[in-house]
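First the structure, in the form of structure tokens, and then the observations on it.
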Amino acid sequence: MVQAPSVYVCGFVERPDAPPKDACLHLDPLTVKSQLPLKKPLPLTVEHLPDAPVGSVFGLYQSRAGLFSAASITSGVFLSLLDSIYHDCDIAQSQRLPLPREPKLEALHAWLPSLSLASLHPDIPQTTADGGKLSFFDHVSICALGRRRGTTAVYGTDLAWVLKHFSDLEPSIAAQIENDANAAKRESGCPEDHPLPLTKLIAKAIDAGFLRNRVETLRQDRGVANIPAESYLKASDAPDLQKPDKALQSPPPASTDPDTMLSGNAGEGATACGGSAAAGQDLISVPRNTFMTLLQTNLDNKPPRQTPLPYAAPLPPFSHQAIATAPSYGPGAGAVAPAGGYFTSPGGYYAGPAGGDPGAFLAMDAHTYHPHPHPPPAYFGLPGLFGPPPPVPPYYGSHLRADYVPAPSRSNKRKRDPEEDEEGGGLFPGEDATLYRKDIAGLSKSVNELQHTLQALRRETLSYGHTGVGYCPQQGPCYTHPGPYGFQPHQSYEVPRYVPHPPPPPTSHQAAQAQPPPPGTQAPEAHCVAESTIPEAGAAGNSGPREDTNPQQPTTEGHHRGKKLVQASASGVAQSKEPTTPKAKSVSAHLKSIFCEELLNKRVA
């Protein structure tokens, strides 16, 4: 067991069971085997910064699980910086496992949890012009996120404790690493402390904050490396930043809340922001437009709320004794009763058993006013004869007593916000706007409407061809009248709708071609290709020569050394050095080209 004041860092720098997506990151097993063991230690840097060396890599080892790296951090300036970072970093101080407090180790696991190997690009020959050979391995860096999967770093002051976390590592290789570490400790003298470029380190930390799904990717790397949970790794922990002495205080503002700082990453947002509410459940991120569409669809599919029908009182019994003569119509038949009373019909009304004689019919003068507020009931079958008729329920539908049922309430439907990708306000630096989120259904509908309109105009134009106005032969030139009714150069059809006088006789070279159609046949449609030609390249807005977006790979020796290396750090400078693929054509230019092709196909047909 090796004890040293320095910090050891070990981990896989390449895993064959998780091949990278970029072809330049693949390592040839034969080439790797020819370069091992290392003839001299490799530099250990931070984020591939050449002016930020913090230690040395004393060995690279080929195991069954992949290429394994073992290094030590000996820079006193860097170790002192880690102590200062720990006291001001809440994520570094968060700990849920019963492990001893190690400020340096916890700060390293929170800041630089991955390893990145810088090797020679596979397209660059290892043999130089003077017959020398270039070193295939250049350096190893500790970084925020590696481009190869399974490259999780484990830090510790005890080398045996560090190697114990890699269950895929053979015991023989672990013993060889301990022997090489003892030999490197004896051979190395007093380490030199170089001043660190703090500005560059801060810039790299800012870049790492905008890596998409960084925490989720770190979880994946930890699973690929098969590292147990008994470590200082922060990738799978949702830190509890609630301190006991601040439990009764108000929550901090949003600008300094650590949960808010972690909400920029999709994976951390699911754990840190979800917190105890998620209770360990797996959460997924859904785009805002998709969520609003699902919510609105759920509201629209709800059945409408049925209102109960009002209770209708039973109608009074019909009696033939109440039948009387039809009311007479006179000048006062349309009088309006004042408020509080009613008018009786001209023939009287039925008094009922309360009046003495069950069949008594009280005769009243026409339109006699009665002060009591409730008129006598009108019997079924004779409305209006024995008092005012009952109010007729409003008719909605096919049933007389059908009530109005309101449509499903849409009060909770809110207006959609404008797309942030279209305005460019919701994009992080370095991200591209997803143009294909635009609604193409409206544009397709407009294209269909234009096609139907063009077909209608074509049919209408063909109908004018039988009226004797004339037509142009299929291969002949088009007739253009110079007057106000003449054919305009930007119209889509050749035959004018109205010609005030017959066209002039064709010239000698046209007379041989202009032949009238046979009887009973329809005149063919003329083609004016020169007047309505729509160049397909012009629709896309690219009139000049295109620039070459694929620069050639540097193969000469005169180029800079940095252009020959493949750096496997996600936030390093390697991404800016590699050639970028041309961006996809915009949606608007694509739709314009489709529309022009449709117009040309319709005209040829």
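Using the three backbone atoms N, Cα and C, a Cβ is placed for every residue, glycine included.
Taken from Swiss-Prot, the feature active site, charge relay system covers His48 (among others), and the record attributes it to sequence analysis. Classification of His48 (active site, charge relay system) by DSSP places it in coil, neither helical nor stranded.
The feature active site, charge relay system is assigned by Swiss-Prot to Ser116 (among others). Ser116 (active site, charge relay system): 30 other CB atoms within 10 A of its CB, across all protein chains.
According to Swiss-Prot, the feature active site, charge relay system maps to His139 (among others). For His139 (active site, charge relay system), the number of other Cβ atoms no farther than 10 Å from its own Cβ, over all displayed protein chains, is 20.
Sequence annotations record features per position, and here Swiss-Prot assigns region 'Disordered' to 235-275 (among others).
Per Swiss-Prot, the feature region 'Interaction with pAP' maps to 281-300.
According to Swiss-Prot, the feature region 'Disordered' maps to 403-432 (among others).
Here Swiss-Prot flags 410-416 as motif 'Nuclear localization signal', drawing on similarity to another entry.
For 489-588 (among others), the entry in Swiss-Prot reads region 'Disordered'.
Swiss-Prot lists 568-579 with the feature compositional bias 'Polar residues'.
Among the features that Swiss-Prot reports, region 'Interaction with major capsid protein' is placed at 585-605.
Residue pair His48 (active site, charge relay system) / His139 (active site, charge relay system) shows a Cα separation of 8 Å. Helix first, then strand, then coil: DSSP counts for the region 'Interaction with pAP' (281-300) stand at 13 helix, 0 strand, 7 coil. On a Cα basis, His139 (active site, charge relay system) lies 9 Å away from Ser116 (active site, charge relay system).
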